[in-house]
Amino acid sequence: SATLICTGSRERVPNRRIPIQLTGDAEAVLVGRSERCQIRFATDNTVSSVHCKFLFASGRVVVEDCSVNGTYVGNKRIGKGNSKTLQHGDEVSLLKPAGGDERPPYAFILELSEHQPGGGGREAAAATAASKAATGSVANG
């Protein structure tokens, strides 16, 4: 299992945690405006009906971009119809920030259950993401 930690600038509850249960290759967690999405941003038209989806494939968490508006892992755009295998601490965002130090409006840090020893997972995931962002390694690979 995995948890998405919500870190976007429009997040009403900072560091809100969304557990995602992906137990089979056919399952997906949809993110977008549509009522069929498990993670919904119903009132923001910049978010697509189904903006992206999180899948479980070959034992890994994968994000697939379903939007022309853009889904990013770190600062790298995935591209509609493309997918990216995620690592613990990767940040997925649903739109590109305007620039500078501005946070993306909707963003999630992936926390994998095997990296949650003793309940310190959120801090570890946030520290990993911050480290990757500082070194630029989120955009690589």
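Numbering starts at 1 and runs along the chain as displayed.
Cβ atoms are placed via backbone N, Cα and C, with glycine included.
Whatever TrEMBL says is automated annotation, not expert-curated.
In TrEMBL this protein carries:
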- 123-141: compositional bias 'Low complexity' (COMPBIAS)
- 29-78: domain 'FHA' (DOMAIN)
- 117-141: region 'Disordered' (REGION)
(message) DSSP on the domain 'FHA' (29-78): how many residues come out helix, how many strand, how many coil?
(response) 0 helix, 22 strand, 28 coil
(request) Kindly state the mean pLDDT of the domain 'FHA' (29-78) in the predicted structure. (result) 92
